[in-house]
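In what follows, a structure is listed as structure tokens, so that the remarks can point back to it.
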Amino acid sequence: MEDIFQQHSSTESSKFTMIFEMDNETQEARVYRPSSNDLSSPLGQIARYVAGTGQILNIGDVTSWLKKDVVETEKEPTRSILCMPIANGQRTVIGVAQLINKDNGTSFTDSDVSIFEAFAIFCGLGIHNTQMYESACKLMAKQKVALECLSYHATANNDDALKLTSDPIPSAKEFNLYSFTFTDFDLTDDDTCRATIRMFEQCNLIHKFHIPYDILCRWILSVKKNYRPVKYHNWRHALNVAQTMFAMLKTGKMEQFMTDLEILGLLVACLCHDLDHRGTNNAFQMKIESPLAILYSTSTMEHHHFDQCVMILNSDSNNIFQNLSMEDYRRVMKVVESAILSTDLAVYFNKKDRFMKLINEVLCGMMMTACDVSAIAKPWEVQHRVAKLVADEFFDQGDLERLQLNQQPVAMMDREKRDELPQMQVGFIDVICMPLYKVMAETFPWIKSLYEGTMENRKHWQDLAEKVEIGLTWIDRDTIEEPVEEFISYEPRDIEFTVTTLNCAHPDRKDQVQEKSALDKFTSFMRGGRSLGKGVRQHLSKSLYVKTTSEDTSKTKVLISERKSRNKLCLLI
């Protein structure tokens, strides 16, 4: 109000200016100039009249409005008055501005009224913005208090932090951190934290950026604490993503393309990229109209993960960036934000075509995606087990969509279509993983093992998909701990049935060739009659061949015979 008053006093040729602000609830006025004592004066009464009617009042002869003796008691004789209501955006009167006694002794003109009316509009905007700013400050203060409370509960226990600080940290070789075949299955929860510290030490980040060791330990434990116990997108997934990034930087020799600050930002982003994941994706958040979806219309969960990361870092006891300069802090936070948002596959598709330009932001994003889906490149035993964890989490979301939203989930989240998982894995590799790892391996040959591991696993998934296609199921029970091809028949027996003769051969014989068309007939037979029982079908490995013959035979006998304690299905003519 003082700024408004001074601005107008320097431009208006009146001797005396009064500004009143109205309280909407009590309809009382406060005088900002010249003093609050003037509220009960005759001029204050005029201001009340204008505030009540909302009309502009231009009085050339005040004696016609006020008693003469009252006018003479004023500190300065009042000759003319221009009184203007001040309104907000809703046209509610929130104040009154008043000019007294024009310098030349004449009355206020229409031009004066127009100028003063513009001033009143300016006053209304200023008062409204000030009120909004004050409200925002109060809300920010409340938010700060809430975040302080939340941060307190989200921070790791001091005793746990002290213990980790004093624990010996095994070497990177002992943890197998340099290998793309790393797995956390045999690590304890404490070991996962020690492995994380080892990665920071091997990258020399603690020394380069003067990170207090106790702060680093507490930050790691706090990040771990803020992951929910969902089946897949949990702390151990974050560790695997960070380890793959570490292996890409070290074994893949990609650290030569990165600054130390970018390496720090990428490792932090890997560890924080799924913070507070709820086990459901962005589409589900939009479907249920969650507060997160209302807050963020795109990359909903990724924005939330970044916000959680910032919340943890904002705590003094967790701020591993506390010794960075303001410029370095700004740069590393930009790397962290961009990297976490890049884990949204929708963002990945947008960045894929620009990858070859080697723009730092795009390269970091591609590396983040490569790390995020790196389970697909692990050894088959690990990949098979991880796929089961992912499938279970997706099926849980599908159950929620079916029960709570009464909607049919997509195939990858539909528990009733779990037998299609191998084929969906093949599609996932072909559409997302294989193109990504292929172009990265071509550009950076040192990380081709990711591409090779992915293609090797594709063969396994394709083999399982073909088994499902001929009538075998890859998941016939709620829990499966090993691939179908590893199941052994404990009661091998011969089962006889008849199929149509096909012109194909056994590849072990020189006069025979494998014929894929035999699958169509066998698939139809298996899916139609289901002559083989469920228990027998679980113990079959596919090998469908026929022997070439000159005889015109349209029917033949087929036996399922025992071979090395496994059932082998052979079509012999």
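Backbone N, Cα and C atoms are what each Cβ position is placed from, and that goes for glycine too.
Binding site for AMP per TrEMBL: HIS233, ASN234, TRP235, ARG236, HIS237, ASP372, GLN425, plus ASP274 from the candidate set ASP274, ASP276, ASP344, ASP463. By a simple count of nearby Cβ atoms, those within 10 Å, the most crowded of the binding-site residues ASN234, GLN425 is GLN425. Non-local neighbourhood of ASP274 (AMP binding site): TYR227, HIS233, ASN234, HIS237, ALA238, MET301, HIS305, THR343, each in the same chain, at least six residues away, with C-beta under 8 Å from its C-beta.
Here HIS273 (Zn(2+) 1 binding site) is positioned 9 angstrom away from ASP372 (AMP binding site), judged by their C-alpha atoms. According to DSSP, ARG236 (AMP binding site) sits within a helical segment. For the pair TRP235 (AMP binding site) and HIS273 (Zn(2+) 1 binding site), the Cα-Cα distance reads 10 Å.
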